[in-house]
Structure formats: C-alpha cells, structure tokens
Amino acid sequence: GGELSTAAKVPDSKRGSAAETSEGMETETETENENEAGYLADDNAPRLGKIAATDNFKNLQTSSKWFPNAYKPPEKTESPEEEAKRKRSEFWTRTRLTFAMFLSFLTVIACGHVYVMALVMCIKVGMFKEILGLKRDREKDKRIPMFRLLNWLFFFICIYFVYGKILMKHIQVVHLEIPIVGWVTANHSFKSFAAWCAGFCSFILLLEKGAYKYQFTQFGWTHVTLLMIVVAASAMINNMYDGMVWFFVPVCLVIWNDVYAYVFGRFWGRTPLIKLSPKKTWEGFLGAFVTTVVFGVWCGYLMGQFDYMVCAQEELTLEFFPELSCERDPTFVPSIPVTVPGWLQTLSALPGIPSIRLDKTVLLMPFMWDSLYLSVFASLVAPFGGFFASGFKRAFKIKDFGDLIPGHGGITDRMDCQIIMSVFVAVYRTTFFLNGKGATVAQILSQVDTLTLSDKRELLNRLQAAVD
C-alpha cells in the first residue's frame, strides 16, 4: 500500500533536466518491425497496429508514402474458371505489350545511334525514379526544401559526366565550332567535379535536425543507384557506337530468353527453380536456354549481313535512318570453314522441302561464335539479375518496382537482366577485341583540335610524308 513508483522517487529538478536532455537528443529512430499481416512496405510507415486482411483496406492503401500500388486488395477465392480466365487475360495483355515494345524498339534502332542513346537515357531516368522511390519518405521530404531536387541534380551531373566522355570520342572537329557543344566538351571533367562539389556542399547545408539518418541514407542510396544505372548506360552506349550489333543482339537475347522462360514455365513448368521467384521453374529455365542458343546463332548470322549493324558510328549525327558503310572487321567476314553433315546436305532432296544448294564446306563469320557465347551468358547468368531484383522487391515487400507497363510492372522490372548483360558485353569486347587496337579517326580528330597551330602544321607535314 505504501509503495512509491519509480517516477515519484526522481526529484523534480532531475526530472526536468532529463526531459531537456531527451528533447535535445536526436529523436530519429528507424527500426524494422516485422508486421505479421505483411502489409507494411516501408520502415517509416505509420504503425497502425494489427488490421484484419479484409478490414479498412482503403485506409491501408492511402497510408503508403512511397509505393501506393504496393498495397493490393485482399485476394478473393477464385473458381477454377475465373482463375483460368484471369490468367488468359494476363497472358494476352503481356503478349500484346511485348510486341508493341519490341516494334517500338526496332523503330528507334532504325532511326539512328543518337536516338537509341536518347532512349537509353529515358530508360535510366525511369529506373532512377523507381529505385529512388523505394526509400522515399514524403513527410520528411516536405520538411527539407530542395532535398528531392538535389538527388536529381546528382543524377544529371553523373549523366553529363558519362555521356560527355562517350560523345567527345564521336564529335568531329566541325561540331566543336558550335558554341554550346564547345562549352559542354571544354574542361568536361573539371566541370563535372565542380558541379558534384556544389551538390555535395548543398547536401551539407540542407541537413535538418531530426532527419540526419534519413538524409545520409538517401545520399548513399542515391550514389549506389547511380553507380548501378550509369555504369550500365555507359556500357550500352559504348557497345552501340562500336557497332549496333553489339547493342542489338544482346538486348534481343535477353528478351528472347525472358519470353521463352515464361512460355515454357507457363505451359510445362512443374519443378520450382529458386525460392526468390516461386513462378520460375527448371523447365522454363532449360527450355529458354536451348531456344536462346539457337536463336542467338541465327541472329548473329543475320545481323552480320547488314553494314548498318556491323559498322562503327564515328560521328555524331541527327540524321534519321542513316546509311553506314565501312571496311568490315574480320569478325564479320566469313572465314571459318565448317563441314556440313551429310544428312543436312540431302535434306533439300526430300519432298516438300525447297531446294537449297549446300556445299560440303561452308564459311561462317567468327561473330557467330561470339553470338553463341553471348547466348550462353544471356541464358545462364543474366537471369540472376532478375532473381536479384526479385529478392530486392521481397526485401521491400513490393510486387513490382512500378506499374507503368501493364502485365510487366515498372521499367526496372524489364531492365534487371539487361544491366548485367550490357556490362558483360562491354567487358567481353574490351578483353577480346579492343585490347591492343589503335584509336579511331574520330578519337584522333578530337585530339587534333586541342593542338596548337604549329603542332597541327607539323602533323600535316608528317601525314603528307607518310602518304607519299
């Protein structure tokens, strides 16, 4: 009856000082409480308590500050007929969008290199927006003016640095006479670093008490995202300008593998492949591998017939549907003798099969072997980029990175395998093709423009002597 509470034993003076100390301390604490109902997709969302799966869904949907679409209504029990109808609808929606996107992609490819580069940049903008949104807290963003704009500033600084480095190798001397182009390319690295320093100083000045941990988390998240996205973008563009085939074929291989993994898995899939993606099956994985290897060899042979695909684009031009011609690299010249099997030689003699003349030995392009290696990587390694994205989404309790493309999710959902594929192609080419090769004409011209007048005259005299 005479017991005193702990609070009563503390003198008022000490209690006041303790309260002041508590108020002066950093109040931000971010803990990850595992929610049993599984509906919270972000760590900083309001702790609403336990809510039944079918109760108050609209309030739950609007409580998301990062990904409103991450909260799906409770699934209703479907009859077998309804489930089959829904799956058919999803299949045809996904199929139609796949064909539409691929036809649009072919149109951009035909328009020219600079338009493909613009497409790549638009894709990277979408990916950056989706990934950055995973850790966004709108309430804290409102308290910090210009903070969200600062993240985009870092993005465009990085794009300016990487794209500028690439484009300077392909700009002819005449283009440097345009004032804006000359300003962009002059002292490019210094301007890029100065802009980043301005952004860094702005980040320090924008630090707000009570949001330190959030701001530093966003700073690191932004730069890691930029590293992943911009490295892939630079690899894609470098591959493309050294020959569109190095960009087009790998992209097609990943698309083909993804499509046929879905087809084989949907109709014949029985054995689960990996826990991160329950819908992935061994049947889909192996079926896609076989079809991708066959498609890759055929696609490499077909694309090698066109100069537009195999010729490097050394100049920057806005011309639509440009025509390229060049002296072909030995990689794209038929030089590997292959003996045709006897059964294949007699195949054209069978009834109903068109007559095709096949010599006992045919010459194949070395690039067909490269296509085979790229196909194997696209089938066995690139899918793990998709598995990584699946684990990533599970970590944040979301279904897709976005909902821009019906039946497919967001842009990042479609590009997860392309990232690792583009980097592999860049490393493959650097190791086995570009190692030991000299500079291109465009690269030499970009260096000539930096010479003094006397050095240019000396260079001209030496070139004349070498030609004579």
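Positions of Cβ are set from backbone N, Cα and C atoms, glycine also.
Annotated features in TrEMBL:
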type     : residues : note
REGION   : 1-42     : region 'Disordered'
COMPBIAS : 23-35    : compositional bias 'Acidic residues'
REGION   : 65-87    : region 'Disordered'
COMPBIAS : 73-87    : compositional bias 'Basic and acidic residues'
TRANSMEM : 99-128   : transmembrane segment
TRANSMEM : 149-168  : transmembrane segment
TRANSMEM : 188-207  : transmembrane segment
TRANSMEM : 219-237  : transmembrane segment
TRANSMEM : 243-263  : transmembrane segment
TRANSMEM : 284-303  : transmembrane segment
TRANSMEM : 372-392  : transmembrane segment
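Counting Cβ pairs under 8 Å to the transmembrane segment (99-128), the stretch among 149-168, 219-237, 243-263, 372-392 with the most such contacts is 219-237. Between the transmembrane segment (243-263) and the stretches 149-168, 219-237, 372-392, Cβ pairs under 8 Å are most numerous for 372-392. When Cβ-Cβ distances below 8 Å are used as the criterion, the transmembrane segment (149-168) is approached by residues 117, 121, 124-125, 128, 132, 184-185, 188-189, 191-192, 195-196, 199, 202-203, 206, 218, 222-223, 226, 230, 233-234, 237-238, 241, 316, 446 of the same chain, each at least six residues removed from its ends.
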